[in-house]
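Trainee: For reference, the structure I am asking about is given below.
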Amino acid sequence: MGFVGDFCDDVARSIGFLSRIPMPARHFEGYDGRLSRAVRAFPFAGLAIALPSAAVAMALMALQVSSLFAAFVVVAIQALVTGALHEDGLGDTADGFGGGRDREAALAIMKDSRIGTYAAVALILSFGLRVSAFASILPLFSPLGAAMAILGAACLSRAAMVWHWSSLPPARSSGVAASAGEPEPAATRFALAFGLLVAMLLFYLAQVPALGVIAALVAFLATVKGFARLAMRKIGGQTGDTIGATQQLTEIAVLGALALTV
């Protein structure tokens, strides 16, 4: 199978892994569940996953609906499409990092499915910050531009997941991230290049000012690097939860940067 066929398989597997969107079974024939190569398609999968919310946002803004209502709808659709996968990772990470006395305690807490105080606060802040950021920026763009801004942030945040995953060792020998394998260096480079280039193109087409683009890039870089350092200090590496938390934190940072500068 050539590059196009392999990439289509990787896109389908990435979308299937990151969301509740059903994918054709033919893309999973002989698939062992590892994502070492498939992570190169994470940014593209982010575009597909965010497309429903972007389309609804475009329609609502064209109808001149309240930007706050539109922002709530956008975030709600994103959570439904992903099954709140990334929010779950953020909540578990917040509980583990906040309540764990040491590495072992933090990892044990992160495996607990119950929601603690730190998780509740983190999720409230995540939804609140994203809704407020969307409410701030959506009316500043044309309806199509608003959709492109949503897609750009989604693309960047999925590239951030690959960067975090590839830059840290597994914090535990079992779990989703460990069983899915370590991202291949070539796949990581492709994901970062694709994610950055496509996000910048979408921001350009949305007519985001140069200051906004620079601020979004700085927010992207600072969040991924800063959170990776925190994860390394707290648990000695990455897990599926910290990968999901990276998506949430990066999207919040990028949207916040746009809200402050557009």
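Quick reminder: no glycine exception, Cβ is built from N, Cα and C everywhere.
These came from Swiss-Prot, pasted as-is:
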TRANSMEM  41-63  transmembrane segment
TRANSMEM  68-85  transmembrane segment
TRANSMEM  115-134  transmembrane segment
TRANSMEM  141-163  transmembrane segment
TRANSMEM  201-221  transmembrane segment
Trainee: For the transmembrane segment (115-134), find every same-chain residue at least 6 residues outside the stretch whose CB is under 8 Å from a CB in it, and list them.
Mentor: 57, 67-68, 70-72, 74-75, 87, 90-95, 97-99, 109, 150, 248, 251-252, 255-256, 258-259
Trainee: Give me the stretch from 41-63, 68-85, 201-221 with the greatest number of Cβ pairs under 8 Å to the transmembrane segment (141-163).
Mentor: 41-63
Trainee: Apart from its near flanks, which chain residues at least 6 from the ends of the transmembrane segment (41-63) lie with a Cβ under 8 angstroms of it?
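Mentor: Cβ under 8 Å, 6 or more out: 7, 10-11, 13-15, 17-19, 21, 69-70, 73-75, 77-78, 81-82, 134, 138-139, 141-144, 146-148, 150-151, 153-159, 161-162, 191, 194-195, 198-199.
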